[in-house]
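TrEMBL annotations:
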- 134-161: coiled coil (COILED)
- 2-125: domain 'Response regulatory' (DOMAIN)
- 189-326: domain 'GGDEF' (DOMAIN)
Amino acid sequence: MAIVIVDDSTLSLEVIKAFLITSGYSEVITVNSARELYELVDSYSDRGIVEIDLILMEIIMPDIDGIEACRNVKKREWLADIPVIMVTTTMKKENLQLAFSAGAMDFIKKPFDRMELLARVSSALRLKHETGRRKAREIELLEVTRQLQEANERLQRLSFLDGLTGIANRRFFDQELLQESRRAKREKTPLSLIMLDIDYFKAFNDTYGHIKGDDCLREVASILKKTLKRPGDIPARYGGEEFAVILPNTDDVGAEIIAKELRYCIEQARIAHINSPCADYVTVSLGVVTGFSEQAKTPKELILAADRALYRSKHEGRNRLNVEWIEKYTDFLKTL
Ligand code: GH3
Ligand code: MG
């Protein structure tokens, strides 16, 4: 705890210092001018630590007076919280006003009354201590708030992920499909959706067990993720062994190409499925739909249409895809 005394009078410096030392303040630094004070505080700044707890400063000094010095000290951000007590022989109102507006917190009259000096020093130090504690608490609080925010964001991310496969879950899918369908309407862009279901997955579980079944779901999810190239494409686990892929700004031609690629990549993974009537490996059936901008579709309509197409793929023998032409079909009907 260092107290700095600034006074051009050596006698004053010695008297104050003696009062303070005999009252138990061990670190008392004396300087003769504002310039010496600047040198002192600027060397503290290099180390980035505020070690001064109080400045006692004479108002009337040659060259730079105490008020100007106080103002300059307060301008230094790392010193702004250090209390400054002005020491004065003149009790002129204007001087005191100027001192307070320069940032001084109190004043002491010369000649000194020992008790008064010690009382003011002690209350200034208490205030400094309290301010320091409050600041530390604020910093602590800010840190806790930041950590909380981070934890919330992590939780939010987790609440949108499917626990088994690590891709987006149904909740995220619903939210994104709604957002994307609104965007498609607003920006007049096509929006495609693929629904994809593993063929004969019940038989897979029956043959290899649920643990292997889970592994298979994870592998299919990872193929979806790897195969989709655009960052905006969203693969999700729709439920059970059914997956969905949202393809923003993708027309029917593009969506069909991607669906074919997904089917092919899953087939090529050659995940053994000896009891599938389709093939010796895991295959999927897909339903594709595109909502065109002129008549933007709601998420529900898109899902129903993709499901219809998926159902046709199942019905026609599985391991294939079907496209549902909602807009084009209605547009075509209108031309008849
Ligand atoms: P289809 O070709 O018509 O789709 O036949 P399927 O056997 O795949 O379809 P079905 O709906 O009859 O069976 C789906 C199976 O998927 C039944 C269920 O136990 C299994 N399944 C759903 N979720 C999970 C899961 O998280 N892990 C595992 N291992 N199996 C699951
Ligand atoms: Mg299935």
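Glycine is treated like the rest: Cβ placed from N, Cα and C.
Since we're looking at a predicted model, the values are computed, not measured.
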Same-chain residue ranges lying at least 6 outside the coiled coil (134-161) that approach it to Cβ under 8 Å: 81, 167-169, 171-172, 175
Local confidence of the domain 'GGDEF' (189-326) - pLDDT mean: 94
Secondary structure content, the domain 'GGDEF' (189-326) (per DSSP, counts of residues): 64 helix, 35 strand, 39 coil
For the domain 'Response regulatory' (2-125), the number of residues DSSP places in helix, strand and coil: 61 helix, 26 strand, 37 coil
